[in-house]
Ligand code: IPE
Ligand code: IPE
Ligand code: MG
């Protein structure tokens, strides 16, 4: 039996290894920084493109596992605004994989009642890709299962700047009093306006940074950093990260569940 009072005696670093309380909630929203495709390939003497290709298979596993665990929202970071710094052939590979993933998997995702959402900057994407993303969102709009949020050409700072511009335009048009702008209003102007904040952020590959991923929305998220490279991510890894999350005491600035 894992009594709360036993847990509180554990040093902070040990808390993650504490047996999970069966009543602890499953995270409603898991956001994943899928990192390490290139290193996975390099370890095997394969081209980076092969790492990215195998990364798509890991996305499919993550979608299935999220659905099975009862996660409601799964966000995957597919391409950052900074990833344009990579060589053009790698950028083309990543764009090609997104297109192929949607063309190949859309019907299956729809059958599985998955709702697809895309966040990020549409400017800078070709019109055929934008149409494909719109098609995926439109087809699955009314689905009631997992919401799969694909962050593509996404940068958190750019998203916040876009939201600020949208509010500034309303102020200029005389439709908004600057004094009325609060955190809730700015949040409602982001790409994620109708998506709850992530409860859990997972990053693979051993890197411990955010890389411009959902900086606003992760203000109170729990982070789990895994050593595995993304192409090796599977249901077991996913469940392990969720178990770590379930052992955490989220306080949101208050005294927390274990306060006496
Ligand atoms: C993640 O793998 C995929 C993207 C960032 C698009 P990487 O391509 O970053 O792989 P590493 O970090 O170089 O190993
Ligand atoms: C973050 O990974 C972006 C995605 C997973 C799409 P990167 O590999 O681009 O991040 P850095 O450059 O190591 O911070
Ligand atoms: Mg990387």
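Keep in mind that glycine also has a Cβ here, set from the backbone N, Cα and C atoms.
Taken straight from TrEMBL:
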{"type": "REGION", "residues": "1-23", "note": "region 'Disordered'"}
{"type": "BINDING", "residues": "35, 222", "note": "Mg(2+) binding site"}
{"type": "ACT_SITE", "residues": "35", "note": "active site"}
{"type": "BINDING", "residues": "36-40, 48, 52, 80-82, 84, 86, 203, 209-211", "note": "substrate binding site"}
{"type": "ACT_SITE", "residues": "83", "note": "active site, proton acceptor"}
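Sequence-distant contacts (6 or more apart, same chain, Cβ under 8 Å) of residue 52 (substrate binding site) comprise 37, 90, 93, 94, 97.
Close contacts with ligand 2, defined as a Cβ under 6 Å from any of its atoms, occur at 35 among the binding-site residues 35, 81, 84, 203. Taking Cβ-Cβ distances under 8 Å and a sequence separation of 6 or more, the neighbours of residue 222 (Mg(2+) binding site) in its chain are 27, 199, 200, 201, 245, 248, 250. Between the listed binding-site residues, namely 36, 38, the fewest other CB atoms within 10 angstroms of a CB are found at 38. Calculated from their C-alpha atoms, the gap between residue 38 (substrate binding site) and residue 83 (active site, proton acceptor) amounts to 13 Å. Under DSSP, residue 36 (substrate binding site) is assigned to coil, being neither helix nor strand in the three-state scheme. In sequence order, 32, 33, 35, 209, 223, 224, 225, 226 are the residues near residue 203 (substrate binding site), counting only same-chain partners six or more apart with C-beta under 8 A. Proximity of the binding-site residues (35, 36, 38, 81, 222) to ligand 1: a Cβ under 6 Å from the molecule is found for 35, 36, 38. For the binding-site residues 35, 210, the greatest number of Cβ atoms within 10 Å around a candidate Cβ is found at 35. The 6 Å Cβ screen around ligand 3 retains 35 from the binding-site residues 35, 40, 52, 210, ordered by sequence position.
DSSP assigns residue 222 (Mg(2+) binding site) to a strand in the three-state reduction. Long-range Cβ proximity for residue 83 (active site, proton acceptor), meaning a same-chain Cβ under 8 A and a gap of 6 or more residues, is found for 91, 94.
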